[in-house]
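Under the heading topological domain 'Cytoplasmic', Swiss-Prot lists 1-28, 89-103, 149-153, 208-225. Taken from Swiss-Prot, the feature transmembrane segment applies to 29-51, 71-88, 104-126, 130-148, 154-175, 190-207, supported by similarity to another entry. Taken from Swiss-Prot, the feature site 'Required for the recognition of 25-hydroxycholesterol' covers F115, and the record attributes it to similarity to another entry. The ubiquitin cross-link annotation in Swiss-Prot covers C215 and rests on similarity to another entry. Taken from Swiss-Prot, the feature motif 'KxHxx' covers 219-225.
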Amino acid sequence: MVEEETESPGPKKCGPYISSVTSQSVNLMIRGVVLFFIGVFLALVLNLLQIQRNVTLFPPDVIASIFSSAWWVPPCCGTASAVIGLLYPCIDRHLGEPHKFNREWSNVMRCVAVFVGINHASAKLDFDNNIQLSLTLAALSVGLWWTFDRSRSGFGLGVGIAFLATVVTQLLVYNGVYQYTSPDFLYVRSWLPCIFFAGGITMGNIGRQLAMYECKVIAEKSHQE
């Protein structure tokens, strides 16, 4: 009788593994949405900076009207930002290469500020030739990685992102999907890979910080249970 009473049915609860998987999938979606909107916002901000140089990747009226011919560019940047931001912490876990620095949102915000500054420099500074511009922006981009990342996976992924994004952008231009407003096409190609590299490092840092915050919340919940 005692055994029957102890085995009396009650409301069954999900095991810790199932609840953990569910919460992780929800948090993954939340992180993806946050990264998407951050990417869209940065795309619009950086485009405003490039308008000063008249070399925008999409026409200025894309901000004023959603029916612009290049309305799809900010959502594409947001999607790429979400993928990059989710990919960085995933690769860190698989490679077992934790970040070397104590992560804080203040460091992430400084990284974003430096990235915007690099883009602003590409729009404002005048150089004698495109090689000087490329070398300067490359040094600034590598400096951003060294200051806020320093991981081999981050550098490799940043280089891969820069190469792939530059190739895709040039293919879109060659196929007439959209075109640069600057007549100096070589000038655009001289800074584009560096901007993509710095952008990949920046979104990777944001994604890592969001993932770290998620792990901290899950650990606190499991500790309370």
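Cβ coordinates come from backbone N, Cα and C, glycine included.
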- Task: Determine how many residues of the topological domain 'Cytoplasmic' (149-153) DSSP places in helix, in strand and in coil.
- Result: 2 helix, 0 strand, 3 coil
- Message: Using a Cβ cut-off under 8 Å and a sequence separation of 6 or more, which residues in the same chain sit near F115 (site 'Required for the recognition of 25-hydroxycholesterol')?
- Response: L42, L144, A198, G199, I201, T202
- Message: I'd like to know the mean pLDDT over the topological domain 'Cytoplasmic' (208-225).
- Response: 66
